[in-house]
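A.B. asks: Attaching a single structure in structure tokens format; questions to follow.
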Amino acid sequence: MLGFLSARQTGLEDPLRLRRAESTRRVLGLELNKDRDVERIHGGGINTLDIEPVEGRYMLSGGSDGVIVLYDLENSSRQSYYTCKAVCSIGRDHPDVHRYSVETVQWYPHDTGMFTSSSFDKTLKVWDTNTLQTADVFNFEETVYSHHMSPVSTKHCLVAVGTRGPKVQLCDLKSGSCSHILQGHRQEILAVSWSPRYDYILATASADSRVKLWDVRRASGCLITLDQHNGKKSQAVESANTAHNGKVNGLCFTSDGLHLLTVGTDNRMRLWNSSNGENTLVNYGKVCNNSKKGLKFTVSCGCSSEFVFVPYGSTIAVYTVYSGEQITMLKGHYKTVDCCVFQSNFQELYSGSRDCNILAWVPSLYEPVPDDDELLHQAGGRYRLFKGGFCPTRFILLSTLNHPHLS
């Protein structure tokens, strides 16, 4: 760390390199924070979490009880032990509350004045954050599994919606109607995600084992159907153009949008080149996935080597994205984890589980290094300088502590 600081000060290193190195160190040190709680509001499991990208301060949660909660993650008390309080909630007594399980919540990407939620009650709702009233409601014929707004687009306000039907629906927030329908899947759509790099590129995952990339401006729509075998003819015909050998129930772009991660009920995670659809063949080993609906996983941002956080039973598995190495398993929940979200400003992770709890995982702190006066006090004043050369005081004091016969 001191070497990085010195090199940055003298102009030998790009400041971004120091930032990436420190972000990586912090992610590698993630642990359950015993000094931070998230107020428990939900009476059922937590299905979805989202942190607003503007300040990184406010977090939404949606639960199987239909309740939506807004939390303030900032420590305004400045105390070491604190609880992230619920600022407000859309509870069972709210007139516009979802009747069934909330599957996805998402902040409007450009400010905190609006957010969206979708539910098994076949609705997508647009909320005014200040009044907690619905600004618009989209009704569907099928159960809604997932929805997503583009994190980068300033040219359109389309919300992609995946339902129990095989069609992907695009809802326009400006007109208040469903403007597009994307056809090509054969079964329910379990996950949808817009590219963080291109305004009009959308990825969809289905129970038909397929993942498709779409350009929503094109009449035909579909650009690529991902093939786990990269088109090799030697593989079985029935598995051609399938991304997984089971349902594909989760997908997530890397922060730069150059790659796409997918997970399936075949207990596999795959990394794809998002420009040509090629399977990069990175081996993550077995990634346990028994979810019958969408699985919400997340990737880091701003690290030297990016990481992916995947719910794995009652734990969260952490892998390096490009090598497939499993770094650690974060243990703390008592029941199955269904979602997690990464806070990139402080390299923190929040996870939601069927045990009704939201846990905060934060970087471990450096152990405080005692100064020379503290070491001298601990040594009882015993120290000596060796003849024949200079030895740093700290080394001598430590030697005195470890080897009392030297005094």
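Even glycines carry a Cβ here, placed using N, Cα and C.
Where the annotation comes from TrEMBL, it is an automatic prediction and has not been curated.
From a predicted model like this one, the values you see are computed outputs, not experimental measurements.
For 39-81, 95-137, 182-217, 241-282, 330-361, the entry in TrEMBL reads repeat 'WD'.
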A.B. asks: In the same chain, which residue numbers or ranges, 6 or more beyond the ends of the repeat 'WD' (95-137), come under 8 angstroms Cβ to Cβ?
C.D. replies: 44, 47-55, 58, 60-68, 70, 88, 143-152, 154, 159, 161, 163, 171, 173, 176, 293-294, 296
A.B. asks: Which bits of the chain, at least 6 residues beyond where the repeat 'WD' (182-217) starts or stops, bring a Cβ under 8 A of a Cβ in it?
C.D. replies: 142, 145-156, 158, 160-170, 223-226, 241-253, 255-258, 260, 262, 264, 272, 274, 277, 293-295
A.B. asks: Take every residue in the repeat 'WD' (330-361), average their pLDDT values, and give the whole-number result.
C.D. replies: 96
A.B. asks: Which residues of the same chain, at least 6 past either end of the repeat 'WD' (330-361), have a Cβ under 8 Å from a Cβ in it?
C.D. replies: 23, 26-27, 30-33, 36-38, 40, 42-51, 56, 59, 61, 63-64, 71, 73, 84, 255, 290-291, 295-303, 309, 311-318
A.B. asks: How many of the residues that make up the repeat 'WD' (330-361) does DSSP mark as helix, as strand and as coil?
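C.D. replies: Computed counts for the repeat 'WD' (330-361) are 0 helix, 19 strand, 13 coil.
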